[in-house]
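**Q** Swiss-Prot lists these features:
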type	residues	note
BINDING	10, 11, 12, 13, 36, 37, 38, 130, 132, 223	NADPH binding site
BINDING	131, 157, 158, 194, 217, 230, 235, 236, 239	1-deoxy-D-xylulose 5-phosphate binding site
BINDING	156, 158, 239	Mn(2+) binding site
């Protein structure tokens, strides 16, 4: 039975991971959980899974969590009360918890960077759903992986698809995603994208896009932030950078293809020009399960793919004029160094401002581009962790100040990186 820690247990990835644990009680057990502010759901998870440790991102909420557990009927309380910790240090304790064999990193955004690094430094295998870890800090994370021997297993559908395709090659042992060096025999990656909430909209109509429009995904059930990223195609741009670090390909050999049906989750072209693809219904539990069970596969009762039911699969190239965030991500990835961290932080803050209805949907790429342009003179090619954290905070502050002024440019001197 594999012992797992779930970082971000009350979020989309976390709840689906725990559903899998429920489906396979003889295969997995939960030893640690971390959460944000959803204490009601966390209490239910503690009751059901009885972890050894629980960590809250906000340490101030620990007394309330303890009160909620103490208020339970004695018959509903966990057999043994878990150890409870809080704050950033508490998250890192959960990420490196001694009895955990695999850590599922479901914390959204750059907030997941330090806990993920803690898991890597502790030598834990990771089911990586927090793509921002590699995007913002790939130059920092990859050397740590080499030192610790941790294995990265991608928990998002696209990179899981690539990983699964590579398991069938003679070089499967090199596809463990722990070095960042080019994967032998791999010529090209094609990341498929649903096109998001606005795939059938004209570019001119995006001026009228609302938060409700942007958070209504046609195929996938995801959190609000990632659903907005899907609508702007920033999510796919971030995945391009992640694929660059995971599989070692140059950006010119990583492509995005709009595939509205979301049946093909990604494709790889090998050196002999053959193309391998992984197919399935759009269900995040499938790539998460593969992370948990790898290198084995577990039989499931889940819905099986019937291509005659699908009927047809269609593909088209994304329009860069409609999806400027995609182009910004490619540019940041090619610039390298601290630029992806700035781009990612600016996007996270811009999306947060959009969800609060302080800016319009089309303002998101404007503020991201402004932050990236302002950072160019201070770009660091080979950053350390402190450098990444510093530029991350600078970009967030710059976007907030820009939005508060209602300007389209980020004024003032850049914070030295």
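Placed from the backbone N, Cα and C atoms, the Cβ positions cover glycine too.
Computed from a predicted structure; not experimentally measured.
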**Q** Considering only the binding-site residues 10, 12, 131, 239, which fall within 10 Å of residue 156 (Mn(2+) binding site) when distances are taken between Cα atoms?
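**A** Those near residue 156 (Mn(2+) binding site) - Cα within 10 Å - are 131, 239, in sequence order.
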**Q** Out of 10, 12, 36, 38, 132, point to the one nearest residue 217 (1-deoxy-D-xylulose 5-phosphate binding site) in space (Cα versus Cα); all of them are binding-site residues in the record.
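**A** So, of the listed binding-site residues, the one sitting closest to residue 217 (1-deoxy-D-xylulose 5-phosphate binding site) is 12.
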**Q** Measure from the CA atom of residue 158 (1-deoxy-D-xylulose 5-phosphate binding site) to the CA atom of residue 132 (NADPH binding site) and give the result in Å, rounded to a whole number.
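**A** That separation, Cα to Cα, works out to 15 Å.
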**Q** Out of 131, 158, 239, point to the one nearest residue 36 (NADPH binding site) in space (Cα versus Cα); all of them are binding-site residues in the record.
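**A** Closest recorded candidate to residue 36 (NADPH binding site) by Cα: 131.
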**Q** How many Å separate the Cα atoms of residue 10 (NADPH binding site) and residue 131 (1-deoxy-D-xylulose 5-phosphate binding site)?
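**A** Residue 10 (NADPH binding site) and residue 131 (1-deoxy-D-xylulose 5-phosphate binding site) have their Cα atoms 18 Å apart.
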**Q** Going by C-alpha positions, which of the binding-site residues (131, 158, 235, 239) is nearest residue 38 (NADPH binding site)?
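**A** The answer is 131.
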**Q** Output, ordered by sequence, the same-chain residues six or more apart from residue 158 (1-deoxy-D-xylulose 5-phosphate binding site) with a CB under 8 Å from its CB, or 'none'.
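**A** Looking at Cβ-Cβ distances below 8 Å from residue 158 (1-deoxy-D-xylulose 5-phosphate binding site), excluding near sequence neighbours, one finds 191, 192, 239, 243, 265, 266.
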**Q** Measure from the Cβ of residue 10 (NADPH binding site) and count the other Cβ atoms within 10 Å, all protein chains considered.
**A** 21
**Q** Provide, as an integer number of angstrom, the distance between the C-alpha atoms of residue 12 (NADPH binding site) and residue 235 (1-deoxy-D-xylulose 5-phosphate binding site).
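**A** Here the two Cα atoms lie 16 Å apart.
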